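Below is one structure, written out as structure tokens; the observations come after it.
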Ligand SMILES: [Zn+2]
Ligand SMILES: [Zn+2]
Ligand SMILES: [Zn+2]
Ligand SMILES: [Zn+2]
């Protein structure tokens, strides 16, 4: 598919396909994601659960890790899909923070199984956010004093 | 201290004290939190880092886990403190989701070392949120079909 | 209770009590933990789950965070309890790494509801471990070359 | 590359290449992984850190999520690479648990930058493990009594 040919609807469709690979034996809550890089590469992801539930990984983070591990760090949009019939699936706070690491001004499509969706920016989903800049700000106490 | 005597400024002070226990040898970024339950109990927390950085736990989650492990699940407010001189410390997305598990309409105080703070509700920090209700919604695909 | 009076059986009992506070609506798998510091303070914990399951926190990590947030970083033993009738509950890998941050040579009691238990050291549960020392080892590539 | 042509040394080499994509601005500790499925597909991963350090994802989990999101759940081996000159990089406890979800009897190659490596099974790295079976065991207390 040539550059600029990905529509939001395409992303939603791909996120729905990705949902099919979900490994979610514990919640039976399948989620899929489709991430578009600024240079028009597409990466999909699904949730991967674990018997120790807090060690699982969400679909959105799976997609972003895939892209980063192939050399991409600049993203244009991500679509998210679930099986909830009448409700747009929205990313958890952990995924919002994971997205925010790579910028505040890119798009998140929250979809329903019928393909309808609403669009939010990362910043709209994570206002007043903590981010990479905060780690470089001037501190009241020098780092050297509180490291072990 | 008697019931209803906790002021927002008290919470901020307690979060600053809690920051002193931070175990943050890797980031040298100390964070403290002070959580007030609806029945006026106060629980503090600090960040606890790990050599495998993604296994660490934030100050806000520490405080909430402490309260839950003592029988509390209804919260009124949480204050957060860091060493950033000129910037209000804001909870990460993971902590926002952790707070949201216990309700959307309670207060978060983002503070500076000088004790000044701004107030946000959990819902303001995590709009259009994913939550416990979503796991019970009607699904397009029966759970039995996609469990292993 | 005076110093040195805590027996392994006491720890197991306290971990069973702590299990009663478990917030585990998603897995219905309750876990409790009781941690003994080297200066004989005892901290309990339970698992605290989240609608986004990977943001939950295990009982063992709750107990350790509580202790750290009260100024303790040196531990003697931790007991873990669950509802599994015929099987000793064992810590997940994430908790083993979290324990290991504070040393390899302390004890973990894996228990059953009838109070019976087996003892392992942290090192036995996490052999050939990654740890704090690794972050300080000599690298083939200078840090300055691969930071952003 | 045809079936059965992947050697352990190939996996180590691919994990070293994958390390080059590491997003680790906070720790400057680069890690790469290369995962071989039982049907001879290879997936690579790197660590992806976050300003909120506990939301980052390890190289091993990235590789496994990639494979799962492409339909693979049966694995033969995984190699791990870091920049530590004189020390074999070993997976954290979280990654060991993540590997264990997909079986105990597959191989983990811990490598050095010079390409040398040692082999462990998942079970050797995570003895007496908690796993998927535990969630199905008979409980002393019925699930219905302790769910919310
Ligand atoms: Zn998520
Ligand atoms: Zn946080
Ligand atoms: Zn655990
Ligand atoms: Zn790891």
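Backbone N, Cα and C define each Cβ position, glycine as well.
Please treat TrEMBL annotations as automatic predictions, because they have not gone through curation.
Annotation comment: TrEMBL describes C:60 as active site, proton donor. Other Cβ atoms within 10 Å of the Cβ of residue C:60 (active site, proton donor), summed over all protein chains shown, number 28.
For residue C:95 (Zn(2+) binding site), the number of other Cβ atoms no farther than 10 Å from its own Cβ, over all displayed protein chains, is 34. Under the heading Zn(2+) binding site, TrEMBL lists C:58, C:92, C:95.
If you look up TrEMBL, you'll see C:6-133 marked as domain 'CMP/dCMP-type deaminase'. In the predicted structure, the domain 'CMP/dCMP-type deaminase' (C:6-133) carries a mean pLDDT of 98.
Closeness to chain A is evaluated for the recorded positions C:58, C:60, C:92 by Cβ distance, with values under 8 Å counted; counted residues in sequence order are C:58, C:92.
Candidate recorded positions C:58, C:60, C:92 yield C:92 as lying near chain D, with Cβ-Cβ distance under 8 angstroms. Counting only same-chain residues at least 6 apart in sequence, those with a Cβ under 8 Å from the Cβ of residue C:58 (Zn(2+) binding site) are C:31, C:33, C:47, C:91, C:92, C:94, C:95. Of all Cβ atoms in the shown protein chains, 29 besides its own fall within 10 Å of the Cβ of residue C:92 (Zn(2+) binding site).
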